[in-house]
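Copied over from TrEMBL:
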TRANSMEM  62-84  transmembrane segment
TRANSMEM  104-126  transmembrane segment
TRANSMEM  138-157  transmembrane segment
TRANSMEM  163-180  transmembrane segment
COILED    230-257  coiled coil
TRANSMEM  297-319  transmembrane segment
TRANSMEM  339-358  transmembrane segment
ACT_SITE  H424  active site
TRANSMEM  467-485  transmembrane segment
Amino acid sequence: MRRFASETVTSTIKNPAVFPSKPLPSPQTVLLRKSRASPFRPRNSQLDLRQIFTPANSGRGWFVLFWIAMVCYLVRQFAINFIETGYPIKTTWVLRLSEGVTELIMADLAVVAYSFIPLLVQRAVVRGTLEPDSMASYIIQHTVQTLLLQVVVSWLFYIEWPWVQTGVLLLHTLVIMMKMHSYTSTNREFAVKLRRRDELIVACQAYRETDSDSCPETLSSSPPFDDTTLLDDYSQLAQWQEEIAELNSELALGDTKYPANVTFLNYVDYLFVPALVYEIYYPRTDKIRPEYLAEKICATFGVFTLLHVTFENYIIPILGELPHISMAMTILELITPVMIAYLLVFYIIFECICNVFAEITRFADRNFYDDWWNSTSFDEYSRKWNKPVHYFLLRHVYLYSIDMYRFSRTSATFLTFFMSSCLHELVMAMVVGRIRMYLFLLQMAQIPLIYLSRLPWVKARPLLGNAFFWLGMISGPPMLAVLYCRDQYLS
């Protein structure tokens, strides 16, 4: 058993002169590739008040106008509800949301507890009990992840919760799965690099011990140029020492160095950090700001109230009329309220909830989304609207399929869209209780539209591209709502 060490190793080699150098077998070569730059750096989110209310932002008044309009919208609906029912808020949806809360909390805690299995596996790797790139390591990783998803999906089918509770647990399970996968995959790369570095250190030490008379002790010494064999040996030693220096720099980031990061506290911190890609080090703020935390928590409840009013008064009643009005008319009726609901859900998740967890963990990179509303194509939108998932798919699906399986960029793009579409369809199927594949087909239909948007004639007209994008955003969600809910409401 080999125990990974940070500075020295005790194993020896018999013939360092023929110690294996690059190229290595394909899987190991991929794991030993130079680490890509971390995508995280300190920055504010696009819709943060501190980002909007700057002298350079001339559009800050539109932000104020939007929220004033939302408050007026809320007050108007409160008044109408009070006149009709004697209460400002209808409670039907609220009561549905309160069903099974205890079971939901317990199930969610069970999912979180299960997610610590990768930590135990990585501890075994650090102790030397398990080789990081062995077949057993991959089997354990994918079995643990698949079992989690299978158990949660089976449980949701059995318990038949309302759609909100079902969606919340399933989405959080998918988040946990992605975190587990990234944690295991990233630490596997670190472990392979540490093993390689330790082997190189042993090779250099053994070389000096066996050829101390002819080998220079340091790289600053001059090699004996009159001897071709010794010159080749010196070049090999120089390559090893250069690779050791590179590996040392990749195994340490900030104040943390692998395997010192494989701890309980580090994993707990990773679970709370609003990022799906694991890094040894994340940029951090100096302190937790109580006023900022209170601002985002209050915003969460305020925007959720707007969302509740929109669903209760403008979406559910229209869907209830499906047996009596045409599908086309239903879509037209739903365009405005569904678009408002979509924007509110986006704001709650990426501006409120993500920033709350970022502030609690002092996570400094608040760039959970870019200006997706200015997108001129759907691939630009897919990169910008959900940066945590984008980073995950980019590193662990798109780039991994290119590096490991030699996929072309086109094939890797198709695979990424396919996996994303399958997961989106799984969520919709669980929420509505039926498999219809509408969302899957709609997402996969974006691929030819992406290639169309790359034509020179289209790229030269960004206004047309943005208009086409918004037409799709306005018509797509209400159409999906009608398609998925049609069977339920018609029955």
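Using the three backbone atoms N, Cα and C, a Cβ is placed for every residue, glycine included.
Here the structure is a predicted model, which means the values were calculated and not measured.
Non-local neighbours of the transmembrane segment (467-485) in the same chain are 315, 319, 322, 327, 330-331, 334-335, 338-339, 342, 375-378, 381, 428, 431-432, 434, 436, 438-439, 442; each lies 6+ residues outside the stretch with a CB under 8 Å from one of its CB atoms.
Packing around H424 (active site) is summarised by its Cβ count: 15 other Cβ atoms lie within 10 angstroms of its Cβ, all protein chains included. Counting Cβ pairs under 8 Å to the transmembrane segment (138-157), the top-ranked stretch among 104-126, 163-180, 297-319, 339-358 is 163-180. Below 8 angstroms of C-beta separation, residues 96-97, 99-101, 104, 107-108, 111-112, 114-115, 117-118, 144-145, 148-149, 152-153, 156, 270-271, 276, 278, 389, 392, 396, 423, 426-427, 430-432 of the same chain, each at least six residues beyond the ends of the transmembrane segment (163-180), sit close to that stretch. The average pLDDT computed for the coiled coil (230-257) is 79.
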